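See below for the structure under consideration.
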Amino acid sequence: MGWHACEPPATRWQKKSKRWFSLSFRSRARFYCTIQRTTPSDSLSLTEHLRSTICSCIVSTFCSAFRWTSRTLSVPALPALVLLLGFLIETWQNGNRFLECLGDIYPFDKSGDMLAFFVSYDRKQFNSFSSDVFLNNITVFGFGGNVVTILLMAVLGMSKTNTLGNRRMTSLEKVVLQYLPILGAFLSLWDVIILLRSMQSGEAMIYHLWFFRCSRFAVWVIVILLSRSSRSSFVFFDRILCFWWILKPILVIPLLLTSFTLSGVLVCLKESCIVLVDVLFGISINIIRSKRASFKTGSIEESLLPPDGDESFLRDPGDADSFWNQMVFKSIDFVMNRGVLKQLDFEDLLPLPTDMNPSSCHEKLQSCWEAQWNQNDSDPSLFRSLFHAYGWAYLSLGLLKVINDCIGFAGPLLLNRLIRFLERGGSGHLEGYVLAVSLGGTSIVKSFLDTQYSFRVAKLKLKLRSSIMTVIYQKCLRVGLAERSRFSVGEIQTFMSVDADRTVNLCNSFHDMWSLPLQIGVALYLLYTQVKFAFVAGVAITVLLIPVNKWISELIASATQKMMKQKDERIRRTGELLAHIRTLKMYGWELLFSDWLMETRSSEVKHLSTRKYLDAWCVFFWATTPTLFSLCTFGLFTLMGHQLDAATVFTCLALFNTLISPLNSFPWVINGLIDAFISIRRLSRFLSCSEHQYQQWKLVDSPYSSGNVAVVMEDACCDWSSSKSEELNIIINHITLTLPKGLLVAIIGEVGSGKSSLLNSILGEMRLLHGSIRSARSVAYVPQAPWILSGTVRDNILFGNNYDSKRYCDTLQACALDVDVSVMAGGDMAHIGEKGVNLSGGQRARIGLARALYHSADILMLDDVLSAVDAQVAQWILNNAILGPLMDQKTCLLCTHNVQAISRADMVVVMEKGGVMWVGQPAELAISEYSAFLTLTWSNALLQCPVQESCMSSSEVREETELLSALEIAQEIIEEELRKEGRVELIVYKKYAAFAGSLIAFVILLSAVSMQASRNGSDLWLSYWVDTTKGSSETASSTTFYLVILCLFCVMNSFLTLVRAFLFAYGGLRAAVKVHATLLCKIVNAPVKFFNQTPSGRILNRFSSDLYTIDDSLPFILNILLANFVGLLGIAVVLSYVQVLFLFLLLPFWFIYSRLQFFYRSTSRELRRLDSVTRSPIYSSFTETLDGSSTIRAFNSQDFFWAKFIEHVALYQRTSLSELIASLWLSLRLQLLAAFIISFVAITSVIGSRGNLPVSFGTPGLVGLALSYAAPIVSLLGSFLTSFTETEKEMVAVERALQYVDIPEEELGGCQLANLDWPSQGLIEFQNVTLRYGPTLPPALRNLTFTIPGGMQVGVVGRTGAGKSSILNALFRLNPICSGCILVDGLNINNVPVRDLRSSFAVVPQSPFLFEGSLRDNLDPFRMTDDIKIWDVLEKCHLKDEVEAAGGLDLHIKESGMSFSVGQRQLLCLARALLKSSKVLCLDECTASIDTRTASLLQKTLSSGCKGTTVITIAHRISTVQDMDCILVLDHGVLVEQGDPKDLLEDEFSRFSSFAKASTM
């Protein structure tokens, strides 16, 4: 046997192959038997015959394959195939003779062929070596196949859901899915037991066998478990699993052949049975699958089709998709195709999977929380509830996380092998290709695993967010007002927004807690294998930076906490300013409030700047750590006497990149966990509040259950404190009261006597300290400030009840709403703005009353509903609603100051200081000590008038409401929020750059490019170092030289990084300050019309979430975008320099990338805008529910509002899910694109290493640099597009802010400055004044002319909508007049600067306004009055005693003045006006919520204390203006009467007289 070295290999191969392939099958078998040293004779044993036959088949098949591929395969590629055959045969006895004979047929060059090594090697050693190695390899193959099978079944089991129900199994399916797996499990278990016994007997066992046999047993166990579940059909009959089960037995055929060779008969029989069961199972599931496919295409398919319009049959995204479609997120293709063509709507979104439905998510968490509550009602744990609900599903994702993290380290290891291969000059061509393809393949596998893990974690986060939101909302529906007083409204809103998100982020942080240490540990071990203990230097630098980063993070946390506190205060002040902007403009206080707001903003920016500059230091350390790491590590490695090579350097660089991120992220992960657990404790505290139990108020087993009693209070004491509060402030003091059914009960008393608290105690909203309270089953409630929903008029009245047209129309007519509704744009489907902003106070009260009437409850509780309407409307409501046919046999509890209602009540309850002082009938009240409530100071004048019918006709109601509807309702239409389409315009970016400073923007860009250039220069210098010193001994001087240059690059990179970070922080802060200042200035100077048409929540959203984005998120994401851009630019330059062919790839690559990003961005923009639109209703609905929770509970409408909230959350979930899948769709494709680039660079490097091409592909150092640069391109590409898309999304906040920067301003200037003492007389002249609220609307004032002499007190009366408030609007220039002029002391007010004008007048608004702060600041915010005068005015307003008892002038007023009753708030506003000492005082129905006696005293105060002051009083109560000097009667904007009130009362035909007769007040 010779090697024929004299002939070329190709010639030898051609000769031998012709001879070999010309042999017949029998000749080849005879050849094989020759190898065995025997001939096919009877002397052979049965085992040898079997072995010979099988081997002949293998040889024949192998040679046939050679013949088929001889025309297409080159000679150098054949050794791999020959080597495979040798491995198969080598496990057999004397297999080396086969290789010898084959070597005689196929001689190779000894220097280049592995076969020559095996043939020339010592045969005994080779036999032992080959059997061990081959046994290890084939068991590893089998183990790998089993692991893939388990993973496939797990993924299919998690992703497949049975949407069509369980189909009955056939007998064949039962045998295949139930009996075959049991047989396979039994045989596999027997195999494991045999292995265990062999180990106990002392035999040495290879651990590969343990892995293989245990995994085989695990496969069958999982099959048995899955076959019992409802998902078995969808798992085992999936096309991918069926195909895999056919391929899987091939992996164990070599092991089966080995068993035949080395084992006994029983072992061979056992292995054959196991493989046979495996094969039978694979064939069977494929047969059943094909039968099912044909069955589905039959006629029965039609019966399974969903009916038309049945949306419930919509597929869950991915539920019925193939496994491949789920892996590549194909379900989002439809949405993205629509996003490119048009603006997306909600119907274009993906349907929500069943398990993500908010209702099912809520039920899961709620049941776990209730179980916790039952186990430990004193301190239930929300964390345990979350774990029981989602913990196991979340922990199961940890296995995917482990696999993903481990595969991440395959890249650096393969990179090391590939560079070492290149350093050897490319010897072993096939090995290089395998390594290159493996490097790309690893990236592909990791991309799939990474996106699937991210998808499943994000999907779990969406479920968790939905669960927490719904649980919080339901708790708000169930907690009473007293118990809720432990938390402020802002706190509860924070639970829904901030704490819910922090808790959801626990999903990311919890797995990172163990994943990051694992990544750090593996990376350090791999570094040790490369540079030994030199890695300690780099790690020391990083570890030393950890406490620095921790210290900085603590400072950041402290600054953030202080900043958030100031931000909360700023948003509160902003909300206060927006809620009362009309009043503030009338006071002339808008600049004062904006100054206070700017002070708060300055404090916020101070802490924000601290945080941003600390963030800049963090960015600096994070960006420079890799450079410092490499410098210290390689410097110490060379100083220790080692020589750097390309494989070591660039493997370490790859490991550095893997290590830095976990080291820097770990402190933030810990902070995230801490924040999450703090939020969980906060939520647990809120969810642990005792709930409003209306059951305890029902009449059950009581002596009053006969049906004649509506309300029973027995020695009841109540207060507004929570159950955890130790301080008691008893409001309802030992009340014993029994109210029969079917009566009108009038509850009266002075301001602050406890009337409203009495109603709330019956509703169960207060904390019951002593006694008992019981009431009838159904209740309807109208609070003093009626709660109006954002929605239609009909929605507000129906309140979730079914629509009954007759009852609905009767209710509208009884509440005098029929004509108002008929003239509205859209009728009763007209939209009502936030808190009824586009309704008058009277309309809000009447809608609340209509809601209560339509509800048809047993008890109606009405809290002063008549005070908001004028006398005529009040009389109509009293006769037709409160005492009308709709109230038949109903009990009505009416808190009121209306004398007519008191006199017509069946029972009167007089309250004083929280107690019931007197109960009786109205006739008895007139002769009691409380008769003052019925006293009329001008009743004699009424007695002189002939008695007329007191009821208003329907036509009069129409007349009364017509003008209001035409003028106020039509012009106050709420504008829909503008939603822009397409990409964010370039002008938005330019304006943001202008806000930050154009020079700053240019320097930032320059520093970023220079920073990346220094980073690339450092890496290029390293590659030059390793290439220059390769194969030569380094001297100390040369090492020092290389290290010094490397240090210079590091210093330059660090300095430029620091410059970029701090300039970015400065520019972002400057832009945030300017945007807020500009926006606030524009909003404050906007006309009142803008605020009437724009909900305050929409404006507040600009100052809260949008401004937070501009403050924090936008600069952060812009910084990341710039870093990613210059990083990609640097990678492109380096790859183009190292490998010229990359330039040819660059153009198509950029084309594909740009098309991908365009395709994605078109959809992502729309999805982000839809996300903003769907998020707003959740928080708006939540805020509305907080405001009206007592009304919702009173009407027992929790289910209705719960269903509405679920709809909002479901829509939000759909948007979030679509956005999530779209982002992962992009991420996967970008990672696959990057994997192609890595493969391209690696393969071209292998090709270039042969030196057969004219173009050089670089030295090993440069190739290593290119490969190390190509590896992170996976994350960098995705990060760049993500940051680019996120930047565009965040720029929407700037776009939204700029929308309000361009709003029109009211006319502030004037050509004539008034004197400081103007007006000195108070002379007011209206000369032909016409006022319109819109160009297409009828005038509110029509050529109005009148003169009010200085010092005269004038009352303005008229029906609702007659134009009374329009006089004040014109006088204060809240709305510009169309024609005419208004003179004050002879000066045209249009020529006076508007703020000077308004600050010269005093006004008391209809809605009392108190802001949070001290009482002194509320009365005198400019601190221009001493305390003596303040106390004097408070005494005149009958508030001195209450203020002294509450704590004096330093008393802290809570938000909106909630510590005072509505009447007391109006009195404080009156005191504020009197302190101003203006010559013009305007009162806009300031006594509406004050009892008659207090109102009478105030009239005397005004008469005596305001002499010489012009007083204009707009009143609904005729008694309010009875002592005025003059009366102006308006109708349809025209002055119809003017004169002395006494003279007008004496004229029975005067309008004023008719008002007085109707009122009797």
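Glycine too: its Cβ is placed from the backbone N, Cα and C atoms.
Just so you know, TrEMBL annotations never went through curation; they're auto-generated.
Among the features that TrEMBL reports, transmembrane segment is placed at 138-158, 179-199, 205-227, 239-257, 522-546, 616-640, 646-674, 992-1013, 1116-1135, 1141-1160, 1230-1249, 1261-1281 (among others). The feature domain 'ABC transmembrane type-1' is assigned by TrEMBL to 399-675, 1002-1289. What TrEMBL records for 711-938, 1324-1557 is domain 'ABC transporter'.
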(message) Are the transmembrane segment (992-1013) and the transmembrane segment (1116-1135) close enough to be called in contact, which here means at least 3 C-beta pairs under 8 A that are separated by 6 or more residues?
(response) yes
(message) What residues elsewhere in the chain lie close to the transmembrane segment (1116-1135), defined as a C-beta under 8 angstroms and at least 6 residues from its ends?
(response) 615, 619, 623, 1004-1005, 1008-1009, 1011-1013, 1015-1016, 1019-1020, 1060-1061, 1064, 1068, 1142, 1146, 1241, 1265-1266, 1269-1270, 1272-1273, 1276-1277, 1279-1280, 1283-1284, 1286-1287, 1290
(request) Using a Cβ cut-off of under 8 Å, list the residues of the same chain at least 6 residues beyond the transmembrane segment (1141-1160) that approach it. (result) 336, 340, 1132, 1135, 1222, 1225-1226, 1229-1230, 1233, 1237, 1240-1241, 1244, 1255, 1257, 1277, 1281, 1284-1285
(message) Quick test of the contact rule: Cβ under 8 Å, at least six residues beyond the ends. What residues does that give for the transmembrane segment (616-640)?
(response) 527, 531-532, 534-542, 545, 548-549, 552-553, 556, 648-649, 652-653, 656-657, 659-660, 663-664, 1011, 1015, 1018, 1022, 1034, 1039, 1042-1043, 1046-1047, 1049-1050, 1053-1054, 1057-1058, 1061-1062, 1064-1065, 1119, 1123
(message) Need one number: mean pLDDT over the domain 'ABC transporter' (1324-1557).
(response) 83
